[in-house]
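Asker: Positions annotated as domain 'Flavodoxin-like' by Swiss-Prot: 3-194. Under the heading FMN binding site, Swiss-Prot lists 9-14, 82-84, 117-123, His138. The NAD(+) binding site annotation in Swiss-Prot covers Tyr11. Under the heading substrate binding site, Swiss-Prot lists Trp102.
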Amino acid sequence: MKVLIAYYSMYGHIHRMAEAVAEGAREVAGAEVLIRRVPETLPADVLEKMGAVETQKKMAQIPVCTIGELADADAIIFGTPTRFGNMCGQMRQFLDATGGLWMKGSLVGKLGSVFTSSATQHGGQESTILSFHITLLHQGMVVVGLPYAFQGQMRNDEIIGGSPYGASTIAGTQGERSPSENDLAAARYQGKHVASIAARLAR
């Protein structure tokens, strides 16, 4: 049973969340977990102006995802930063290249799940995940969120990410915040939750 985590991260927040998602998925017996990043679309000079070059270098060891890997997976957990309440352009361009999979019905019946980040507490995390779900549903995927069985969603003693739609984290306007332990716990729970359902469906 193969679980694919496909993400884009500019400053490392989604990368760290992806690692936590993978940790959770690997807790499920029989789960083969792959972490992949979607292709970068911004030129090097733009990344340099945005102060993202060093982080990109740190993630260089993560293989770039191919369209074929989506078809090979039993479950796909996507990670994207929020861009104006939607998925980032890099993820959008990657998914726009999946028309061939749609024509063949290659993703029909596979599990799909999403996690995200935003600069601010109300920066569009829920709209990003919900609008992402539209693409998954058009592909015939079965959408999985983050249930309230994860008790960390009920905390009000600190600023946290996460919703029933998926795990999330708040990066800060300058990227100064790292995912909190609660955010990472949510990501682990989501990874394990998706992998557990995939394992049951694979029997």
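Each Cβ is built from the backbone N, Cα and C atoms, and glycine gets one as well.
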Asker: Nearest to the residue listed as 'substrate binding site' by Cα, among Ser9, Tyr11, Thr120 (binding-site residues)?
Answerer: Ser9
Asker: Can you tell which of Tyr11, Trp102 has the most other C-beta atoms within 10 Å, given these are the binding-site residues?
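Answerer: In terms of Cβ crowding, the pick is Tyr11.
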Asker: Three states by DSSP: which one describes Trp102 (substrate binding site)?
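Answerer: DSSP assigns Trp102 (substrate binding site) to helix.
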Asker: According to DSSP, does Thr82 (FMN binding site) fall in a helix, a strand, or coil?
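Answerer: Once the DSSP labels are grouped into three classes, Thr82 (FMN binding site) ends up as strand.
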Asker: For a quick check of packing: other C-beta atoms within 10 Å of the C-beta of Gly123 (FMN binding site), how many?
Answerer: 21
